[in-house]
Amino acid sequence: MSNRRRSSVVPPKDQTRLKIERMEAEREERRRAMVERKKERAQEEQRNIAAGNPGDVDFIGMVRRWRQQHAQEIEPHDSCDAHPRICICVRKRPISEKERARNDHDSVTCLNPAVWIHSSKVRVDGITKYLDQTSFTFDHAFSEEASTEDVYKHTTMPLLDFVCSGKGGRATVFAYGQTGSGKTHTMNGIQAILCEDLYLQLSDHANAGGCSLKSTKIVLSFFEMYGGFVQDLLNDRNRLKVLEDGQGEIVVTGLQEVEADTVAVFHEIVNTGNSFRTTHTTEANDTSSRSHAICQILLRDKRTNKLQGKLSLVDLAGSERGTDTKSHNSQRRAESSDINTSLLALKECIRALDNKNKSGAKHVPYRSSKLTLILKDCFTSPAAMTTMIATVSPGASATDHSLNTLRYAGRIKEQRAGTKAGDIAKSPMRRKVSPRSADTSSTASDQLPNSLGIDEKTAVVEGSATRFTPRSGTNTMLRKEVLVRRSPSDDLDAVSGATQEETELRRTVQGLFEQEEAILSMHMRNIQENAELLTEEGKLLQEVQRDGVDNEAIEEYICALESVVERKETMILSLQEKLLVFSDALEKEQALSKKVGSLAQY
C-alpha cells in the first residue's frame, strides 16, 4: 500500500528542465512581440502613406519625435517695419508627387527662424539607423504651410515701400536654390501679388510725398542670362550687349522697356517673359531653368523720365553639384559651370555689400560675373536693399542639395551675424588653416563638413568671366564694352587691384575647397563600401565554416577574400594619395598667407 502511494507522487522537475521551459516561453514571447511590431510597423506605414509622407518608417518616426520635442522653439516672424538691409530667408516646399512615388520622406523642419536638416544615416554595421541633425538660422524660415503671400509680406513688401518712396531706391529680390526646389513657383507668386500691390501702393502714396500714379509711370523689362549671353524675353530673345557709360552706369543696349498702364498689362508682360525662359531636362529636374531671369520694374517720372525707384526680381538658375552634371553633354556642363560661377560672384557681392554698409570701406566685386555687373546699381547704390529667398526640397534624397543651399545662404548671412565692422571676410578654409585667422565659431555651420561650398568649388573649374576694355575717347558716353570669354581664372583675375600673390592665394584656396570636397566624398564612399565588404566577408566565413566543406569551396573562399583585400587596398591607397596632395596644398596656402598682408576683397 505504501509502495503504491510513493509511485503516484510526481517527481519534481530538475533545474535544466525548468530553464528549457523558461527559454521556450521567452522565445514565444519574443515571437509574439515581433509579430506585433511588424503589424504596428505596417499600420504606421499605411498611416504615413495616407498622410502623404511615405518612406522609411524608422526615419519618419525619428523625425516626428524630434519635431514633437522641439515644437515650442518656433518664433513669430519679425515685424515688416524692422526689415534689414540684407534679408536672408528660407522657404521649404511640400513633398511632391514624384518624391512620394519614390518613397522620399520629409527630412526638413522649419522652426522660424531656424531650419533643420535631418539627414538619414546608417552606421558602419549596416543596421543601426540614426539622424544627423544640422541647423541654420536666418531672418525668416517659412515651412510648407506658409503661403506665397506670407513670403511676400515679409520679404518683398518692405522693399516695395522702399522703392515707392520716390528717393531713387534700388531693391533686389533673389530666388536661389536647387533645381526643382520651388524658386520659379515662389517668384511667379511674388510677381502676381506685387502686380496688385504696386498699383495700390502708388495710389496710397499720392499724397504722401512719394511716387504716385499721376506723376509716375511703371516700366518693365524682362531678360535672361544664358550661356554668357543676355537675351531679351520681351523681344524674341534678341541678344543684347552690356555696356558701361562714362558715369559708370551699366546699360543693356537694345533692351525693350514696356510701359504697364494697368494691372492687366503688367500681368501680360510678366507672363510673356516667363514663357520664353530657357529650360532643359537635367538629372535633377525635367524642366530645369538654365538661365537667370531678371524682371526689372522701373518707376520713372512722367515729366522728366527720371528714375525714382527700381525693383529687380531675379529668378536664379538652379544650382547643381558636379555629380549632377556627370552624364551631361558638353553644353549642359558648360551651362552648369557658368551658373555656378555667377552664383559664387553673387554671394561675394551681397556679402561685400553688407560690409560696405557697415564700414564704408569694402570693395564690391560686381565685375566678377555678368550677372552681378548688370545688377551693379543694386550693389553700389547708397540706397539699396536686398532680399534672398533660398528654397529647399524636403525629400530625404535631396538633403545634400538642401545643405549646400543653406550653406550658401548662411555664408551670406554670417557676415551680418558674426563679423564686426572692418573685419576681413575669410573663407571657411582660411579660418581653419591660416595662422592669422580669427577663432572659429562652435556652431554647426563652421564645422568641417559644413564648410564645403560645392557651388564655389564647381564655379572655379570652368566658368565665364568678364573683362573690360575702355574705348578710345572720353567724350563717348558708351566707352566701356564688356567682353566675355570662358576661362577658369577670369573670375579670380577680375578683382580690381589684386596682386600676383593675392591672386595665387585665392586660386589655392579655391583648389582647397575642391580637394576638401573630393576627400570627404571619397571617405564617405569608402565607409559605405567597407560596410558592404564587411557583410560580404561575413557571408564568406559562414560558407567556409560549414561542415563538409571541400577543397573547391576553400579555393573559392581564398579567391573571394583576395578580391576583398585588393578592393580595400585600392580604397586606402587612393585616399592616401588625395591626402598627400591636400597636405601639399595646405602647406602652399600657409606659405602664401605669410606673403600676403591682407585679403580685403576675398
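Including glycine, each Cβ sits where the backbone N, Cα and C put it.
According to TrEMBL:
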REGION    1-54  region 'Disordered'
COMPBIAS  14-47  compositional bias 'Basic and acidic residues'
DOMAIN    85-415  domain 'Kinesin motor'
BINDING   Gly177, Gln178, Thr179, Gly180, Ser181, Gly182, Lys183, Thr184  ATP binding site
REGION    318-337  region 'Disordered'
COMPBIAS  321-336  compositional bias 'Basic and acidic residues'
REGION    410-456  region 'Disordered'
COMPBIAS  437-450  compositional bias 'Polar residues'
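Annotated features, which come from TrEMBL, shown on the structure.
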{"residue": "Gly177", "record": "ATP binding site", "contacts (Cβ under 8 Å, 6+ apart)": "Lys183, Gly318, Ser319, Ala390, Thr391, Val392, Ser393, Thr405"}
{"residue": "Ser181", "record": "ATP binding site", "contacts (Cβ under 8 Å, 6+ apart)": "Arg93, Gly318, Thr391, Val392, Ser393, Ala398, His401, Ser402, Thr405"}
{"residue": "Gly182", "record": "ATP binding site", "contacts (Cβ under 8 Å, 6+ apart)": "Arg91, Arg93, Thr391, Ser393"}
{"residue": "Thr184", "record": "ATP binding site", "contacts (Cβ under 8 Å, 6+ apart)": "Ala175, Asn274, Ser289, Asp315"}
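For the domain 'Kinesin motor' (85-415), the predicted model reports an average pLDDT of 84.
Ser181 (ATP binding site) falls outside any helix or strand according to DSSP and counts as coil.
Other Cβ atoms within 10 Å of the Cβ of Gln178 (ATP binding site), summed over all protein chains shown, number 25. Residue density at Lys183 (ATP binding site): 27 other Cβ atoms are found within 10 A of its Cβ, drawing on all protein chains shown. Within 10 Å of the Cβ of Thr179 (ATP binding site) there are 25 other Cβ atoms, across all protein chains.
Residue counts for the compositional bias 'Basic and acidic residues' (14-47) under DSSP, split into helix (H, G, I), strand (E, B) and coil, are 33 helix, 0 strand, 1 coil.
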